[in-house]
Amino acid sequence: MSIETPEDLAGLKAAGAVVAATIRACRQAVRPGVTTADLDAVAAKTFARHGARSGPWLTYRFPGTICISVNDEVVHGIPGSRRLRDGDLVKLDVTAELNGYYADACVSVPVGKPKPASARLAAASQAALRRGIDVARAGAPRSAIGAAVEAEVEKRGFRVIRELTGHGIGKRLHERPDVKNWPDPADDDPLTEGLVITIEPMIAAGSPEIAELDDGWTIVTLDGARSAHFEHTIAIRRDQPALVLTA
């Protein structure tokens, strides 16, 4: 969507604040021995406290409040009985709907004592997200985001998973345009002031090839290597940095 009224901006900020609060609450609950269902319950309670609803459940009837993906699971992991172990890397992907507005963000969180390789992987995704946000200004080609993201990821020795992208968001969870994490010459249309999008580098420590599990939701790396994922919802502005709505 494109922000057209002060009410649009206020609605998006409110949804983004719920996402940020939910991520903070879930991060605090991450520790060895906790199940992914336990973390999902934390998210559900936080949503309920703010009067928000799960975007994935509303849109796709996803079987959970948030997506929780561990290690080689890239995205769309279903909360359940899996217990987190020391050294795991867990992705908390949170989308909230509040009063008709959607916001979406993700963090990759180490469990217990971080493994150095996983810490480097997560840092690469987070740095790539920052670089993508830095170049996302009105008038810049949409492909500039992907160029900045992929350059940062590859500089750090990792690979972008090209099948998965960011997206427009606002009145629905997934809207146009796609926001790729690599530079596609077909995406040279300029970013417009007020456009609301997600930037979300999903990267792999090994091969960027992916597959879907038999549960019909969970996406994993084909070679079993770990993945990392950071994401923010932003609004494009002119002559100033993008407004991060989920910080």
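In case you wondered, yes, glycine gets a Cβ from its N, Cα and C as well.
TrEMBL does not curate its annotations; it predicts them automatically.
Quick look at what TrEMBL lists:
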- H76, H174: substrate binding site (BINDING)
- D93, D104, E231: divalent metal cation 1 binding site (BINDING)
- D104, H167, E200, E231: divalent metal cation 2 binding site (BINDING)
- 11-237: domain 'Peptidase M24' (DOMAIN)
For D104 (divalent metal cation 1 binding site), just count the other CB atoms lying within 10 A of its CB, please.
26
Counting across all protein chains present, how many other Cβ atoms fall within 10 Å of the Cβ of H174 (substrate binding site)?
16
Cβ-Cβ distance under 8 Å, sequence separation of 6 or more, same chain as D93 (divalent metal cation 1 binding site); the residues meeting this, in order, are I66, C67, I68, S69, V75, H76, D104, A105, C106, H229, E231
Quick one: what's DSSP say for H174 (substrate binding site), helix, strand or coil?
coil
Non-local Cβ contacts of H167 (divalent metal cation 2 binding site) (under 8 Å, 6 or more apart, same chain)?
H174, E175, R176, P177, D178, V179, I197, T198
Using Cβ-Cβ distances, find the residues under 8 Å from E200 (divalent metal cation 2 binding site) that belong to the same chain and are at least 6 apart in sequence, listing them in sequence order.
D104, C106, L129, L164, T165, G166, V179, N181, H229, F230, E231, H232
